[in-house]
Amino acid sequence: MAGIMIPAVCEQVSCRQEKEQAAQRLTEAQNTLWSRNTALEGGIKHWEFLYGLLDKHTRVLAEKNKHWEVNWPKHENMLNTRIQQRDGVIRGLTEANKTLSRTNTELVGKEQSWQDQIRQSDAAIVRLNKEKEFLFQKLAVTTKKYNVLKVESLNILAEKPEMSQMVLQEKKQCPESKIGTSDKRNEEDKKSLAGKFRKDMAEKKESWASLTKLIKEKLQKIEDKKTHLEEMPTKVLPEKQERLAEEVNLKSEVLKLEEKITEDSAVKQHSVETVVVTELKQEETSTKGLVDKPNCSEMKVTMMIEVKEMEDNLANEDHSCETEELEDERKYLEELPCLPATRARQVVLQAQESRQEDTPSLAAAVGTGVKERKYETKKQEESTKDLVRKPNSWEMKVTPMEMKVTEVEDNLANKDQSWNSKVKKGEDEEKEQEELRKARLQKKISRKEKKQERKRDKENTGHC
C-alpha cells in the first residue's frame, strides 16, 4: 500500500510542481520586464538628449541662415563688382591690343615707304652720277670742237681781211645788253633754285621732326601700358607676359627705324647738297661758254651753218645708236626670268627712260646753248615744285610705292578683322569658363557645408 500512490496525491504533487514552474516563470518574466523597463528608460533619456541637440542645431542653423540672408547681397555685390572689373580690364587689354596692332601696321607701312624712298634716292643718285659723267664728256667734246672751229675761223679771217670788217659790223649791231640780261637771268635762276632747295630742306626737317615726335609719343604710350599691365593681378600673368614681349619687339623696331631715319636723312641731305652744287657749277661753266661763243665768233656765217649741219647729223646718229641700245636693254630685261614685274624692274625702266629723256644732243649744246639752258632751268623748277608738293618724298615718281602701301594696308586690315573675330571668340570662351567656375565654386561650398554638418552629427552621437 505504501508503494502504491493515490491518484489524488499524484494530482496534488503535479499541481505543486506546475505552481513552482509558473512561479519561476513569473520571476523570470518580472526580471525581463524590469530589465526592459530600465532599457526603455535609458533609451528615452538618450532620445530626449538627441532631441535637445537637434533643437540646438536648428537654432544654430536658423542663426546662420539669418546671417547668410543679411550678408549674401553684400557678397553678391562684391562678386559682381569683381566681374565688372575683370570685364573692364579685358576690354582695356583688347583696345590696347587693337591700338598696338594699328601702330604696328602703320610702322610697317612707313618702313616700307621709307625703304622705297631710299631705293628711289639711290637710283636717282646713280642716274645723276651717270648724267654728270655724260655732261663732262659732252663738255670736253664741245670744247675740242669749239677750239678747232675757232682756229679755223682765225685762219680764214687772216686770209680774208674783208670778213673781219663784217664781224666788226655784226659786233656793233648786237648790243652788249643781251649778254648782261642773260647773265642776270642766270643769276636769278641760281638764286631761285637755291631758295627752293633751302625751302625743301626746311620742310623735310619739319616732317622728320614731326615723325620723331610721333614716335616718342608712341613710346610713352607703350610705357604707360606697361605700367598698367604691371599693376594687373597675378591671374593674368601669361597674357601680361605676351603683351610685354610684343611691346618690347615694337620698341626695338621703332628705335631701329629712328636710327635709320637719322642716318638716311643725313646722307640724303649731304648727297643732295653736293649734287646741287655740282649742277650749279656745271651750269655756270656751260652758260659762260655759251655766252662767250657769240662774242668770240669771228668766222663766216656759211661756215657756222655747215658746222651746225655736221653736228646735227652726228647728234642724230648718236641719238639713234642710244635709242637702239636702250631698246635692246629693255627687251633683255623683259625677257629675263629673274626680273618679274616688280619694283626693281620698274626702277630700272624708269632710270632708262629718264636717261633717254635727259640726254640732250651735241648740236643743241653747241648751236642752241641758250635754249638748252632755258629747258634745263624749267625742268629743275618743275622738279623743285614736285619736291615742295611732296616734302616727305625724295623722288617725284612714287605711284608704285603708294600702290604697294595700299596693298599692305588691305592685307593688314584683313588680318585685323581675323584678329578681332579671334578676340571675340576668346571673350566668349572666357565668359563660359567663368560661368563654369562659378557653378563649381557653388557646388564646392554646398559640399563643404554638408561635410561639416555630418561631422557635427557624428561628434554629437559620439558624446551621447
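Each residue, glycine too, has its Cβ placed from N, Cα and C.
According to TrEMBL, the protein has these features:
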- 307-336: coiled coil (COILED)
- 169-192: compositional bias 'Basic and acidic residues' (COMPBIAS)
- 370-388: compositional bias 'Basic and acidic residues' (COMPBIAS)
- 424-438: compositional bias 'Basic and acidic residues' (COMPBIAS)
- 439-449: compositional bias 'Basic residues' (COMPBIAS)
- 450-464: compositional bias 'Basic and acidic residues' (COMPBIAS)
- 168-192: region 'Disordered' (REGION)
- 350-388: region 'Disordered' (REGION)
- 408-464: region 'Disordered' (REGION)
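Confidence across the coiled coil (307-336), taken as the mean pLDDT and rounded to a whole number, stands at 56.
Across the compositional bias 'Basic and acidic residues' (424-438), DSSP assigns 15 helix, 0 strand, 0 coil. According to DSSP, the compositional bias 'Basic and acidic residues' (450-464) comprises 14 helix, 0 strand, 1 coil. Mapped onto DSSP classes, the compositional bias 'Basic residues' (439-449) shows 11 helix, 0 strand, 0 coil.
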